[in-house]
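Worksheet: one structure, shown below.
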Amino acid sequence: MRVILLGAPGAGKGTQATFIKEAFDIPQISTGDMLRAAVKAGTQLGLEAKRYMDSGGLVPDDVIIGLVKERIKDADCQQGFLFDGFPRTIPQAEAMKQAGVDIDYVVEIDVPDEEIIKRMSGRRTHLPSGRTYHVVFNPPKVAGKDDVTGEDLVQRDDDKEETVAKRLEVYHRQTKPLVDYYSNWAANGAANAPKYVRISGLGEVSEIRRQVLQALGK
């Protein structure tokens, strides 16, 4: 089972990724983890990537694709894999297609922007422990205070409404075209096209999980 999981920040991808990994016993592969591992191992591609990273530049797509091809040859990928946060752009998706990296399913977790802003801007965090709350969905016993210590909760910069709105803008500009790319490819019925599935990310986590796993044949 080879899966790409798409969706905006705050759509609940991380939660569903865990369910998919467990159901199919496949590794979750992120480009960040892959880059760090290759740099640490000192592979040729890892050293090449490190040069770009050290200079503050973006690692080029051909290096990323090379790392992907290396990673999916590992023993833990024999039953498949789940790509998390990759590909991010159409050139990366095209490069992956040209490199012969076949995908079975592309799953999009679809949540409206206003719901994502509500979810993320309502988060409150107790910084010393990392405990998180939500003003609507999981409020603390006393507003603005940690349940355990009684200390103040804060809204992290990442969770502020204007920051969330900016991240969504980047997502729509950069990643949303991938949704069209994969859905059009699937609709054309090409022999090696992945199946494209859009699942609503609204509602109970368990129901979304059921729909995702059912779409993947579980």
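Just so it is clear, glycine is given a Cβ too, placed from its N, Cα and C backbone atoms.
The shown structure was predicted, so the numbers you read here are calculated from the model rather than taken from an experiment.
Here Swiss-Prot gives region 'NMP' for one range in the set 30-59, 180-209: that range is 30-59. Among the candidates R2, R123, R210, the residue that Swiss-Prot names alongside G10, A11, G12, K13, G14, T15, T132, Y133, G203 for the ATP site is R123. Each residue contributes its Cα atom, and for T31 (AMP binding site) and G10 (ATP binding site) these two points are 19 Å apart. Cα separation, R123 (ATP binding site) to F86 (AMP binding site), rounded: 26 Å. When the Cα atoms are compared, G10 (ATP binding site) and R156 (AMP binding site) turn out to be 14 Å apart.
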